[in-house]
Amino acid sequence: MTLIKPPPSRGVLNWLLLVLLCCSSLVFSFNLDIHAPIVKVGEKGSYFGFSVAQHFKGSTPVLIIGAPRAESGQPNTTRAGAVFSCGLTTVSRGSTDEWCRQEQVEYADDSEFLQPPGKLNDRDLNPAGKDEQMLGFVVASSGEKNGRAMACAPLVRYHKTAAYPDGSCFVLDSNLKRTSVINTCRDLPRKDRHNEFGQCQEGFSGYINEDRILTGLPGARKWTGGVFAQTVKDPDFPEFTVDRFTMGSLGPEALTNVFASHDYVGYSVKSGNFGFLYENDTTLTVVSGATRFQQTGAVVFLKHNRNDMITKSLGLANYTIYGKQLGSSFGYAIEVLDLNGDGFDDLLVGAPFEYNSTYGGAVYVYMSRGKQSKASDDVFFEPLVLRGEGIYSQFGQAITSLGKRLKTKNSVTDFAVGAPFVDNGKGAVYIFQGASSLKKFKREPVQKINAKDFSGIPAVKDLKTFGFSLAGGVDLDGNKFNDLAVGAYGSDTVVLLRARPVIDVSASIEKIGSKNIPIDGDSSCHRNAKSCFTLKTKIKLDYTQRANKVVDFKENIFECHLEVIPREMKSARAMIVDSKLKNGSSYRWPCGKGLDHMREIKQEHKIYTPKNNEDWLNFVKFRFSVRLLNDRKPAYPVEGSAPVDLNKYPVIGKFGSTNDLEIAFDKKCGKDDLCIADLAVTAIPEGMSQENGTYRTQVGETDSIDIRFVITNREEHAYEAKLFVWYNEDELDIPQLVKEPNDKSKVQLIKSAENYTSLDLGNPLARGSTVVLKLKFKLVRGEKEALGVPLIFRALANSSSLELNSTDNVWEAPVEVIKKAELVIVGASLPSMVHFGPGDTFSDYRGVDEDLVGPEVRHIYTVTNTGEWSVKGVRIEVDVPIALEDEPLLYLLSQPTISGNVEGKYKTFTCLVPQIHVNPKALKVDRTRDLDIATDSELSHQRGKRSPKVEVASASLLPGKKIEEHGESSTVVDMDCTESTITCATVVCDIAMLPKSDAFKIEMRSRVWNSTFIDYAKFDYVRVKSSGRIAGVRDKGILDSEEGNYASATTQVHPDRPKLQPGIDWWIIALAVLGGLLLLFLIILALWKCGFFKRKKHGDPTLHMAEMTKFSDEDW
């Protein structure tokens, strides 16, 4: 098994890039310059930049860059890897030393490099032992001038007939020439191959300084792992070293007591003095990451005593810290540094694969508690956790110290964290600043450097995996500020970010005169001022910083800025007289001239508090800051020209260049400056009776509830005094403040919400003051009102001052509001009297005209609100007699309707009645008679064949009764829903809102079924009655008496007597016809006998006829 840092191949990289999420970019700015970096680009696919270190060849600054997949140039090798040293030039590509120089780090004699590999460090190599040995996987340097360095090849394989990837690290002098080789597993047993020490992979991690070398061997003992440490015993004799390693540890301190196979101890290594009880001048602590311990990862602490010449092992310090999440690779990267400057080292631990839906990667910050008093004490405080952006960012894959911020022993130390796969694999580096305590440590980075920040630089195109490797803490360009080298192996690029010099300016601000701000001013104040005072600002230089000499103080090089910081997004409570802004809260001016020769520069500023200020209780916050007047940015130089001199582009220090000041008002509340008020509130609802603590009032719809409040302050000033009044917003409108004609108080209604209102009583409300006010609440209709449930009014008097007695600050009372309404229902029949006849009867009534079954009758009910309140949710129910022993009675032709005024328009709606009761026999209904009656559906009928109906006499008749009417006695039959033989249909009609003095009409159109009444023709008439009632009122806040809630409509049905006379039997008609015929025969016979039919014969005497003519007088 070959252990290698991910991703091991270009294929894996491509896969990762496809699944990375894009994160939004934040912009920070401090002193690492991104405009003119030193850029070095290596051979494509060589992983140039996989590792990087800051180094000095003698006193010449260079970058050591590892390219573990580069072709080394040694004969008979394939991708053996290479190590380069690159000077601080602007030549970004090439093969000359102006770009970079490939260093021969494996051989003491360079000529050996020109031969095919056979031996290395006097050991036989496997024939392919240097192929893909990953030389340059780790490069490290002490970072000091004339200091030493190290380069490692963790996969170099020894032994001619076997292939043991022992790995090796090459210790180099200042000129990067090999001085020794570290190959710890060389003489360790490997009979059981990888289960012992056949695959140590030494050089997977490494660290070097002038007296110490550390290497990680994560493959030892079946990837249990291990650590090697070499220490210089005496600095005067650096050739004498003490070697220690974990592989030989025995007894209770043995590594194998805690760790097992595949835990990967040695994945990362560092050392420090954290405060363990055993630590002293000769004993320090080695720390190492074990990324697969219990699948979460861990960091193990090992004791290293350089003077113990008997025990050569690194033993457990009985202290381990563990990862939190499965697969997080806790311990992937570690860094040891003194974050807070207390003299004890602190620890940073990367877990780049820890994630959830909002972040990817984490860095745990473990700050030392100081020296242990006993071995059981905790060494570190609970860790503070920094999170990465985007779940695939791998934040924490690389961590490096940036060195102490100031060149003093107790200065805090800053650090950088790489997230090489943030922003779709482009990468980013985050700069964090140390702090004196965890509480003061800021989780937000002071600078974020994105790969895309370099998109405008020709030498850098499509930068990927930026931040995979980091090296910091060394000042390479000599301006006294440490620089940062960043590797991006995915683009075979290294970017050196040099630090711009920082000018440390101290800004301060103070108030002149009394400590607090007076509330009342005098004639010297601004015309718009309530009070005024003076502030003094001062700036001075930190002369210990050499960077101050890079600027010319003959002119004003700074811009000073004084501003008032508003509280909670409110308007400023102080104004600067010299300000040119409308709100007067900010003033800027050029400053700094001659500061290098002066102790400090002072300036006074007139400030006033405006008359409309309301907050006298809280501090007023001022901020004084200094920045460079001309903050120029360097330009990227032409390829091959001299690097940009960053001394010409200083930045101002973030610490000390801003100073805040908070000043309190003189509240006139005694020597302790604490205002203790005693507010009391009472209230009286006007025009109401009271019983058992409940007020009662009867109101109309246009009435209101008036409450008079009295608020008194018996003690010291009550600042921002307010009265809050809560009420039932569902039944009461927003209250109105009613002032008396001569009222000169400053009470204002300042805020009204849905269920409360607040009033400003004064600022301050002085001792002994009394405020009287009245609120008018207009009644409205609400969804939650209920009869008998009182309205609750609650008032609270409060202020920003302390309260002496809060028991009398609250008033609460229930008010029972009686709202009366009177609903009346009236019924009528139209017409009130009809006549029934025999009618036509059919075996099938489908399609039969409605006129043929009986006369039309409409029962009409009117519901009127005669009260003073509108009523919601009125339900009307009408019982209609529709059948007598299954024979139709009042036959409903269409759905009943209800009509009335709705929102200013007269509208008609359908009432509810089972559809089976409406035109069940499917008569042909004349819809024009329905007027505006709405029906659920129009029925389609077919006219059936008419044939006589066989009448079946009723089994029994309803009894009649005698009544006296107009002095005459009549026998009538009552047909209504109280009779058991009568079937009734209940019509339900709902009224959403019935305004006062308004009415709704319910109408039911029907036909009196003639044939049903035939059996009752012997009675004078039949009374058919429907019954209506107000069934319910959903408006529970209305009081309604039941008087007038019942009504009926009666139709008198009279028999049509002429039509109902009985007919002549057929046999009588037959006898009459025969009698008539016989009589006619006798008459004819008599006439014949008399000779009536005898004819005249020839010879009979002639008869003559006489004529008379009348003549007129003129004819005479």
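Easy rule for this one: first residue shown is 1, then count along the chain.
For all residues, glycine too, the Cβ spot is worked out from N, Cα and C.
These come from TrEMBL:
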| type | residues | note |
| --- | --- | --- |
| SIGNAL | 1-29 | signal peptide |
| REPEAT | 31-95 | repeat 'FG-GAP' |
| REPEAT | 316-375 | repeat 'FG-GAP' |
| REPEAT | 382-441 | repeat 'FG-GAP' |
| REPEAT | 452-514 | repeat 'FG-GAP' |
| DOMAIN | 499-634 | domain 'Integrin alpha first immunoglubulin-like' |
| DOMAIN | 669-817 | domain 'Integrin alpha second immunoglobulin-like' |
| DOMAIN | 825-1031 | domain 'Integrin alpha third immunoglobulin-like' |
| TRANSMEM | 1066-1088 | transmembrane segment |
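Panel annotation: around the transmembrane segment (1066-1088), no residue of the same chain lying at least six beyond its termini places a Cβ under 8 Å from a Cβ of the stretch (none).
With DSSP classes pooled into helix, strand and coil, the tally for the domain 'Integrin alpha first immunoglubulin-like' (499-634) is 5 helix, 60 strand, 71 coil.
Helix, strand and coil content of the repeat 'FG-GAP' (316-375), in residues and according to DSSP, is 0 helix, 31 strand, 29 coil.
Residue counts for the domain 'Integrin alpha second immunoglobulin-like' (669-817) under DSSP, split into helix (H, G, I), strand (E, B) and coil, are 0 helix, 80 strand, 69 coil. Applying DSSP to the repeat 'FG-GAP' (382-441) sorts its residues as follows: 4 helix, 25 strand, 31 coil.
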